[in-house]
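Over in Swiss-Prot, the protein carries these features:
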- 1-20: region 'Disordered' (REGION)
- Leu136, Gly140, His141, Leu142: (6S)-5,6,7,8-tetrahydrofolate binding site (BINDING)
- His244: site 'Plays an important role in substrate specificity' (SITE)
- Lys245: N6-(pyridoxal phosphate)lysine (MOD_RES)
Amino acid sequence: MNAPHRDETTASHRDDGFFTESLESRDPEIFAASQKELGRQRDEIELIASENIVSAAVMEAQGGVMTNKYAEGYPGRRYYGGCQYVDIAEELAIDRAKQLFGCDFANVQPNSGSQANQGVFTALLQPGDTILGMSLDAGGHLTHGARPNQSGKWFNAVQYGVREGDLEIDYDQIAALAAEHKPKMIIAGGSAIPRIIDFARMREIADTIGAYLLVDMAHFAGMVASGHYPSPFPHAHVATTTTHKTLRGPRGGMIVTNDEAIAKKVNSAIFPGIQGGPLMHVIAGKAVAFGEALRPEFRDYQTQVIANAQALAAQLIKGGLDIVTGGTDTHLMLVDLRAKGVKGNATEKALGRAHITCNKNGIPFDTEKPMVTSGLRLGSPAGTTRGFGEAEFRQIADWIVEVVDGLAANGEDANDAVEAKVRGEVQALCDRFPIYPNL
């Protein structure tokens with residue numbers, strides 16, 4: 001019997017390294033960029049509050065074969081065959097999410113926190129409806145009705161802020177705006193809120209006008225899961241989150257609720273409403289991260305995240321920097337730089353040259369432009385994942401003060417010596433707390 005004919009194209013394809021060749025060999029430019037990014041993460045202190053460092057297991061799941069699978073629909077109800085194994089991953093992610101947040105329904109398909117919010121809007125609102133969210137200037141998020149965002153274009157977006165005295169959320173203003181504008185949805189949460197939000201008060205206001213309460217817990221979801229931050233439930237009708245940040249998972253989004261009717265609308269809004277096939281490799285990574293978050297050590301991690309943030313804030317205050325609201329209850333803080341006479345953009349760059357990564361950020365009632373700002377946003381999740389404790393974060397605060405004082409005294413073009421000194425000390429600290437030794 002003759003051997004089956006071997007197609008030359010197939011033979012060539014299988015022998016050309018497609019399934020075996022390393023990234024370094026196949027695409028040296030991307031490999032080089034990836035290695036440089038690995039070096040940056042290893043050798044610099046990450047203080048961006050919305051960033052974290054995932055486990056090797058999460059990265060392995062994200063880089064696995066589930067990236068090949070199209071899976072439109074939901075587990076057990078797919079539009080393609082061959083989904084029996086990716087169904088396992090999504091079902092695990094859903095079940096673990098429900099355990100983490102004590103809720104009855106979870107949709108783990110949103111590709112980002114922004115798409116999770118868009119999914120809720122699609123499920124519960126109509127274009128032209130009124131929404132009430134925190135202004136970006138006060139610490140809100142683009143997707144809560146900011147004018148440049150789709151949420152500010154499709155909806156009549158009314159914005160609330162903070163009190164001028166203590167710079168905390170102005171619940172009386174929210175109540176007044178709700179009574180005046182009758183929004184269909186009130187949004188709690190934001191991207192730069194250092195204090196715990198009063199969800200009960202927000203729901204009370206929502207109920208007076210029959211509005212939905214959406215809690216965007218993207219920044220503090222990890223602390224909700226560990227019990228360090230009050231749960232949005234039973235107050236929220238629905239909650240959204242990213243799956244990175246304090247949850248320490250892959251970049252993605254999620255929607256959770258206890259309301260079955262809302263859950264059905266949300267599922268239809270995500271697929272087929274605003275997304276097609278979900279990213280199954282990312283959902284696998286989410287499942288792994290949620291499993292990690294169910295372990296006792298995750299609670300210990302969140303305890304340290306908060307302790308580190310508070311140590312950082314207190315030491316910065318000792319160094320003469322102002323902290324918005326005077327401190328933090330969470331993982332993040334806003335630093336008011338006006339007393340030092342420097343801007344957020346220049347300070348971000350100076351700290352970056354010293355290998356301390358953070359982001360410029362507007363402060364409440366800031367008069368500077370968004371690309372300039374009078375402040376910085378700092379966070380502790382990534383450093384805590386590395387193993388830093390309060391002592392390390394107090395040292396980091398001292399370095400920040402040193403760079404800021406140098407910038408104020410010397411200017412951007414003459415602060416090299418200070419930045420180089422701090423950069424060397426940062427390297428020594430990072431060497432003591434390595435990440436990804438097998439990469």
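Each Cβ is built from the backbone N, Cα and C atoms, and glycine gets one as well.
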Least Cβ-crowded entry, counting other Cβ within 10 Å, from the binding-site residues listed as Leu136, Leu142: Leu142
Env. residues of (6S)-5,6,7,8-tetrahydrofolate site, Cβ within 8 Å of mean position of Leu136, Gly140, His141, Leu142 Cβ: Gly133, Met134, Ser135, Thr143, His144, Gly145, Ala146, Asn149, Gly190, Ser191
Least Cβ-crowded entry, counting other Cβ within 10 Å, from the recorded positions listed as His141, His244, Lys245: His141
Sequence-distant neighbours of Gly140 ((6S)-5,6,7,8-tetrahydrofolate binding site) in its chain (C-beta under 8 A, six or more apart): Gly133, Met134, Ala146, Gln159, Ile187, Gly189, Gly190, Ser191
